[in-house]
Amino acid sequence: MSAGRDSAVGEQAPAEAAKAVKSGEKVHKATTRKKSAATAATGTSAAKKTTGKTAAAKTAAAKTAAAKKTAAKKTAAAKSAAKKTTAKKVTAGGTAAKKTAASKTPAKKSAAKVPAKTAGAAPAKATAAPTRALKDESRTAMVRRARRMNRELAEVYPYAHPELDFRNSFELLCATVLSAQTTDLRVNQTTPALFAAYPTPEDMAAADPERLEELIRPTGFFRAKAKSLLGLSTALRDRFDGEVPGRLEDLVTLPGVGRKTANVVLGNAFGVPGITVDTHFGRLVRRFGWTEQTDPEKVEAEIAEIFPKSEWTMLSHRVVFHGRRVCHSRKPACGACPITHDCPSYGEGELDPEKAKKLLKYEMGGQPGQRLRPPADYPGQPAPPLAGR
Ligand code: SF4
């Protein structure tokens, strides 16, 4: 385009050419001005456009930023909501867990009476939360609680009985003397041979001491025990016509016979109510908060004040049964105990139900009992005879 215009100007006369030049200059100037104006206009327009674009861009950016902010806010809000929801869920879960735990806890702590037929089974009957604070317990409240516990024990151990095998008062007397420092099981495994050799006080009084010692050796402390058996047999033969006396004051005059042994014989061979304070009985009545005494005679006197005489013998059996099966000396099986409700010592022993269940003994733990000849209503298995005898 520019080469064609230059060629046309070069072919005109000088004046005209000058005019043309001037005119051309004017035109050129005008054109330039116009172009400039146009350019300016274009620039302005462009600028305007640019400005517009920039503004639009800014607006868009602002919108984007706003949108981002809004989105961020929404996200944050959503996150916050999610957190709250989670927190609520966690709280709810925690609460639910606590509730579950709470609902499980009574099951753990719950008292469950273990009837004879289901002895050793997991606690089945829930009761109210165990009593703990006994500081302010009145005497009346304690007596009521103690009697309630005795009734509960009677439901758990309706078959409670002396755990020594015996056929008459003389055998029970000898077996009780032998039970010192050993288990009833070991005595029961020992006495069949002893009573086969010496069935009466007269027979035993005439026994060869060494043979007698050998027969009772498995029970431990056999020399001292043999001396007691010889002494009491001789006393029965010489002072009581070969009969076991039915009075406490007479029984305690026999060699090797103390108040505990006398009460066992009176309660179980003569039907005379008696409280037997052995190691199990003493430990449990202190755990139960029935007494704080440690001397057996004082324990006996305080317990006798709480219960009617008619309950004394069976109360003794129930408490001893519970001590041997559940409320052990070192580790009571609290988690499997059927009388937790009224026991202020709940928690002294194993609380986990499964672990506690493993601590149960004899029929409660699915094991043989202590008697080789248990009563007919005993729900467990008889004890085996001593190996080699
Ligand atoms: S101390 Fe434990 S096992 Fe013993 S009676 Fe109390 S709750 Fe039962």
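Glycine too: its Cβ is placed from the backbone N, Cα and C atoms.
Here TrEMBL flags CYS327, CYS334, CYS337, CYS343 as [4Fe-4S] cluster binding site. Annotation note: CYS343 ([4Fe-4S] cluster binding site) sits in a coil segment as assigned by DSSP.
Summarising the annotation, TrEMBL assigns compositional bias 'Low complexity' to 37-80 (among others).
Under the heading compositional bias 'Low complexity', TrEMBL lists 88-105 (among others).
Sequence annotations record features per position, and here TrEMBL assigns compositional bias 'Low complexity' to 112-132 (among others).
Residues of the domain 'HhH-GPD' (178-325) grouped by DSSP class, helix first, strand second and coil last, total 101 helix, 0 strand, 47 coil. Taken from TrEMBL, the feature domain 'HhH-GPD' covers 178-325.
The region 'Disordered' annotation in TrEMBL covers 1-139 (among others).
Annotation comment: TrEMBL describes 363-389 (among others) as region 'Disordered'. Applying DSSP to the region 'Disordered' (363-389) sorts its residues as follows: 3 helix, 2 strand, 22 coil.
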CYS327, CYS334, CYS337 as binding-site residues, winner by CB count within 10 A: CYS337
Other same-chain residues whose Cβ falls within 8 Å of the Cβ centroid of CYS327, CYS334, CYS337, CYS343, the recorded [4Fe-4S] cluster site, in sequence order: ARG287, VAL326, PRO332, ALA333, ILE339, THR340, SER345, TYR346, GLU348, GLY349
Assigned conformation of CYS327 ([4Fe-4S] cluster binding site) - DSSP reduced to three states: coil
